[in-house]
Amino acid sequence: MKDDDLQQLELLSTLDRLRHRVTTWSSVPLQWEPALRCQSLITRILSRVETLQFRYEAPIVVATFGGTGTGKSSLVNALVGEEVSSSGRERPTTRKPKLIVHFDTDLKLLNLPLDDIDVVQSEADVLRDLVILDCPDPDTNENSEAGTNLDRLRKLLPYCDVLLVVSTQQKYRSARVSDELLAAASGCRMIFVQTHADLDEDIRADWRSTLVDQYQVPDLFFVDSLKAFEERQQAQHPTGDFGRLIDLLTSKLGASERLRIRRANIVDLLQSGLARCLEIISRKEDDLKTLDAALNQQREQLSQKMAQQLKKELLASHGLWERRLLSAVTDHWGLSPFSACLRFYSGIGGLLASLTFFRARSTAQLALLGTIQGKRWLDHFRSEQRSEETLQRVSQFGLDESHLREAEIVIDGHVSQAGFDSSVMSDQSLDQLRKEAAAVESQFVVDAGQKIDESIEELARKNSKFYVRCWYEFLFVAYILFVLYRVGANFFYESFILHQPLLSSDFYIPAGLFLILWSGLLVILLTRRLRRGLRGSVETLVNNLVNRNLEKGLFPQLEQSILQTRRWANDARQLQTEVSQLRDEIATSPHFGAKNNANVP
């Protein structure tokens, strides 16, 4: 297999993959109005692409395009070398499209709506590899049973591969023709021809200046169709620009060039369609950003409300703080006399915490019980809570009914402005908002619990340094040693040597009582030490929670829709970039004009 054949197959496979990706992209289910418009447009474009692929081996369809009286029919007659189309410079003479084909051409391959077209057969050599479609004018609207000329023209343009854009000194600035050409140029190669060279001045330079902003214009032809027709009638090869035009049609639109032309037209169609889609998307992107910003602002407000309420409850729930801190410090201290004392008090605190858990009605209290300790009861606790109790906890954090309704009204306005379908908000009843608010609070509980664990761990490390441990161990052990010394002295010395009676319960009861008081005093002193950095830690904790973005807000379905929409828009930009690169490679020709590569956002 030749290298050229391999390159052709590779390009065709690239086009197939690209078309499949565009098809997949246009099939993504979204509830965004610009997306629905884009998907409808791409569906139509893909239908044209499929038609072009079906006609890969069919002769090239060359269609005339120009205003009334520009000499399109005369140009066709001159190209064929015989009068196959009525011509005239005053009124439109082509009211029904005419298809000029060679006798050997299989019309079925063209896939044209032949019922609406007059077919003319000819033996002209120029028709062996192409067919010529003489189209109606786009700037006349003479009514007939089949509709206006413009309707007929628009119906035929999707079947055209090359446009012969015909104009004159009087018509080349026609706004209506220019608008129709801009719409028709996507998916077509173009050849620009100025006619009436026998009467008009050469305006090609000025015409080019009006075209270059929107089209690639490699060449313009200035022809006298009547003179060329006479030369063809006399079996002479036309001279001048008309001869160059004939050579271009016969050499660059032959059977070997069909695949190249239609491949370029496919890329052109995809590029134009995606460029148009990005224009549609860009019109609503600012509104989409505004909606996203409103949701982010709402999440920040939720975080601030709950964090400030959490701050109040944390400062008020110092008892829970102290028990958690004591437990953490005990873990850091390891095995020692005073740590055993701390474990005793911590065990009592854990028992109280387990009882407190079932009375907890706030996020702060649940979080302070700890993500590790509280895990044993959390699932059971949630399953036993009634929905009213859940909503009551939400209300305690400022997420009351008025706040939820206000949030719904604000977001609903942004949703409508951004172009989303109302169905994305249809399920947001008050009960649903309450459930989402409860879910937000549950998420906040988890985050707060993790942050509290980190804060407690940090405070425990600061208060478990060597010199702190030595000081408290010394004070605690000193009392125990004193009691042991007194008991030992009484037993071994006073009772055996001095024959004094053993210490009675009058000693042991006060000694035990003072042990409890002394150890309690030391625990209180340590707790007061731990409490010194409490407010600063709470402030830091609250600031961290405020700055921490919630994973979701009150409208998770809407947030998911926005995320999917952004991904879809980014995919469109990626596809547009790839198609534009491919267009630069295969759709740029030194012989034929085309639309410029669109500048898209």
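Every residue, even glycine, has its Cβ placed from backbone N, Cα and C.
Under the heading domain 'G', TrEMBL lists 62-174. The DSSP breakdown of the domain 'G' (62-174) into helical (H, G, I), extended (E, B) and coil residues amounts to 30 helix, 25 strand, 58 coil.
Per TrEMBL, the feature coiled coil maps to 281-312.
Residues or ranges marked as transmembrane segment by TrEMBL: 342-360 (among others).
Per TrEMBL, transmembrane segment is recorded for 470-487 (among others).
Annotated transmembrane segment per TrEMBL: 507-527 (among others), in sequence order. For the transmembrane segment (507-527), the residues of the chain that approach it from at least six positions outside its boundaries are 322, 325-326, 329, 338, 341-342, 345, 463, 472, 475-476, 479-480, 483, 486, judged by C-beta separation under 8 angstroms.
Along the domain 'G' (62-174), the predicted structure has mean pLDDT 82.
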